[in-house]
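First comes the structure, then the notes that go with it.
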Amino acid sequence: MLCLKNYGSSSESDSETEEHAKVADSASASKDEMAHLKPVDPAQSIAKTLAVCAAPEVVPMNACDVQRTIDPTVKEVTYNPKYEELYAPIQGPENPNLTQQMRAPRNTLSGYVEKAHINAFEFENQRRTFHTYGYALDPTVDEVADGQSFVGDLQSAYDDDGKTVFESAKQKRKRKQDKNDNPEDIEGFVGPWGKYENEQPVARPNEQEKAELEEILAKRHRRNRIVEDKPLEEKSVLHIKDAYDYQGRSYLHAPHDLGINLRSNSAPNKCFLPKAHIHTWTGHTKGISSIRWFPQTAHLLLSGSMDCRVKLWEVFGERRCIRTFSGHRQAIKDIAWNNKGTKFLSASYDRYIKLWDAETGDVVSRFTARKMPFCVKFHPDNNKQHLFVAGTSDKKIICWDTRSGDIVQEYDRHLGAVNTITFVDENRRFVTTSDDKSMRIWEWDIPVDMKYIADPTMHSMPAVTLAPNGKWLACQSLDNKIVIFSALNRFKMNRKKTFSGHMVSGYACQLDFSPDMSYLVSGDGDGKCYIWDWKTTKMYKKWQAHEGVCISTLWHPHEPSKVVTAGWDGLIKYWD
């Protein structure tokens, strides 16, 4: 250290010389003190005389071959390992609980994927060849593809010598055809219509064969002909003894002693969510298809069922079944009251629409257009109560006059069966929906639609309800949503208001508003009943109402929290 310190010093000053002398003196003084640290003189050492060597032989570091291990879960190696290190078997104890599938190496969730590369043109070539000819080259990975192995239709591959769509396969032999393109040969000219070789001409049928053909066609015609059934004998059964009260008023007269003004035109101030099941009406043997409140007062409930019957029920008091109307051969599809509630229409799959007297149970008129009516509706104006419209399976809306029984108007513009008819704009117009996934708006008595609404995102809407204020149409869409349309002027869809959460795909579940327009209620295909908030579209409540489909829901127009539901289990339930 002293030498290094003095190395390169060019000054020969007196101070340095003195300092150097002092250090030399101190070094000679400490020399004796460090004597025990000096190595022993080999001549005086006794280590050579010992028989045991305490230090074993050690291999130098540069010649060492240490086997390193690599963690199989590590993603990055910081040195260049050998092949033996990379593919050494995994050491250590093995988990005995792992299955063979769990032990297998994997680089994806579903297995092990090896990287492969194929030319894009060749891949497309083989794909099109397989799509066109039914065969392609065998894309074997484990074995070396020889270009002669095929998958798919092997016979076609061998017949065409494995030609692809980008190569011309061998021409197939064409059948020989007689040719005579000479237009001067009038009698022998055949043009492109010459006969093929060995073609057998088809002779005209003789008289016997013609008779057999006519008999076959007649049988086929009789089989496909619609049998014109005569209307079934209609009858009605009264189930109560006191059909008239002490003043001679029938059950159609609304009661006064309920504590509720059933004749009021104003809605309840505030509606509430129903919480309990309070009554069940039983009597139908099959599923319900439609229910309707008695006009204005809603003290009676009319129900049409798949058991071909229509029943009238009490809503207040003992809640009895008042009358059963039987007169259809097949299931009831729709029912509709007139404004006074004295008569109602029933539309059935037997292609008949019948007008009933609700008090006597008699059939007033029968109407048929030889097509299935899917919906019926009286004209809401009091001066047009003799007119009603029906949407049928042959894409038409037909208007009948009940006085004469004649068809007075046909609206024929839809491309599918008509599902709903809803009057809007003070009954000057009506809106129809159809299986053609469109909505059409018509002026009354003008058979050309004034507006046609169709969108690629729209689905069929088999149930439509007008809001109590007449400004909105709530449509049950088959994509499990309720969509809202404006019922005034432009009839534009309100995309901000969409109600979802229920399952109605395939079912025409009827929906309804609460009287104060604060809630929207609907059934669904699983038998549940749903209630949404009208302003926020938030679902407030759902509960299991029926077994099977809950096909119809109605909110009582004078009760703030009472809802009636009908299902395919044949039950009508009342909730409060």
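Keep in mind that glycine also has a Cβ here, set from the backbone N, Cα and C atoms.
A TrEMBL annotation is a machine prediction, not a hand-curated record.
Now, the feature entries from TrEMBL:
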type	residues	note
REGION	1-33	region 'Disordered'
REGION	168-208	region 'Disordered'
REPEAT	281-315	repeat 'WD'
REPEAT	325-366	repeat 'WD'
REPEAT	411-443	repeat 'WD'
REPEAT	511-542	repeat 'WD'
REPEAT	543-576	repeat 'WD'
Counting by DSSP, what is the helix, strand and coil composition of the repeat 'WD' (543-576)? 0 helix, 17 strand, 17 coil
Give me the DSSP three-state residue breakdown of the repeat 'WD' (325-366), ordered helix, strand, coil. 0 helix, 23 strand, 19 coil
Helix, strand and coil counts within the region 'Disordered' (168-208) (DSSP): 5 helix, 2 strand, 34 coil
In the repeat 'WD' (511-542), averaged pLDDT is 94
